[in-house]
Amino acid sequence: MLGFLSARQAGLDDPLHLRRAESTRRVLGLELNKDRDVERVHGSGVNTLDIEPVEGRYMLSGGSDGVIVLYDLQNSSRQPYYTCKAVCSIGRSHPDVHKYSVETVQWYPHDTGMFTSSSFDKTLKIWDTNTLQAADVFNFEETVYSHHMSPVATKHCLVAVGTRGPKVQLCDLKSGSCSHILQGHRQEILAVSWSPRYEYILATASADSRVKLWDVRRASGCLITLDQHNGKKSQAVESANTAHNGKVNGLCFTSDGLHLLTVGTDNRMRLWNSSNGENTLVNYGKVYNDSRKGLKFTVSCGCSSEFVFVPYGSTIAVYTVYSGEKITMLKGHYKNVDCCVFQSNFQELYSGSRDCNILAWVPALYEPVPDDDEETTTKSQLNPAFEDAWSSSDEEG
């Protein structure tokens, strides 16, 4: 750390170098926060989480009970031990509450005054945060699995919606209607994600084992269908032009938008070049995935080596994105984890599980010092910086 500071002071290093190195160190030290609880409101599993990108202070959660909760993550009590309180919720008694499980919640990317939610009750709802009233409702013929608004769009207000039908619906918030449909998949759409780099590029994942990239300005729509074999297998082979050998139920672009991560029920995660659709062939090993609906996973932002956080049974697996190395498993939930979200301002992770809990994972502030009886067994594992460098004259003699 001192080396980074002196190099920055002398003008030898880019100021971002120190920031990235410290962000990376903090992510590598993520652990369950024993000082912070997230108030338990949901009576059944937590399916989806989203932290607003403006301040990084407010978090939405959506549950299998149809309830949506808004949390304040800031410690207003000034105490070391505190609970992230629910500011408000759309509970079962609310007139506009979703009838069935809420599968996706998302803040409006540019303002905390609005957020969106979609549900198994075949609706996408646009909410006014201040009044907690539904400002608009889009109704569909099929169950809704996923929706997403572009984080960078300035020229359109389209919400991409994935349903049990094979068509991707694009809803225009300005006109209040479904503007057009993207056709090409053969089964239900389990995940959709706009590129954080190009506002018209959309990725969709389906139970037909395929992932498609679309330019929504084009009449033909589909730009690329991702192929796990990079075109080297005969088109007669069953797995040709498929991204996975099972349902593809999760999508996530890297923060720069240059790569796309996908997960499937074949227990594999793949990294793709988003500009040409090439499978980079990074090997993450087995990534356990038995989810029958969309799996919400996330990536870090602002680190010198980026990381991906993937629900893995009742744990969260942390991998380096570009090398595929498994860094750690975050253990704390006692039922399956369905979603996680990364807070890049403070390098914190929040996860939601079927055990109805939301857990906060934060960087460890210090390296633990062992007890006396453990000292002999753990001394070799301690960072040398934390070892006692002093010696008495008796020992020297």
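Cβ atoms are placed via backbone N, Cα and C, with glycine included.
Under the heading repeat 'WD', TrEMBL lists 39-81, 95-137, 182-217, 241-282, 330-361. Per TrEMBL, region 'Disordered' is recorded for 370-397.
Within its own chain, the repeat 'WD' (182-217) has Cβ neighbours under 8 Å at 142, 145-156, 158, 160-168, 170, 223-226, 239, 241-253, 255-258, 260, 262, 264, 272, 274, 277, 293-295, counting only residues six or more beyond its boundaries. Distant neighbours of the repeat 'WD' (39-81): 87-92, 97-107, 109-112, 115, 117, 119, 121, 127, 129, 151, 296, 335, 338-341, 343-346, 350-358; these residues of the same chain sit at least 6 beyond its ends, with a Cβ under 8 Å from one of its Cβ atoms.
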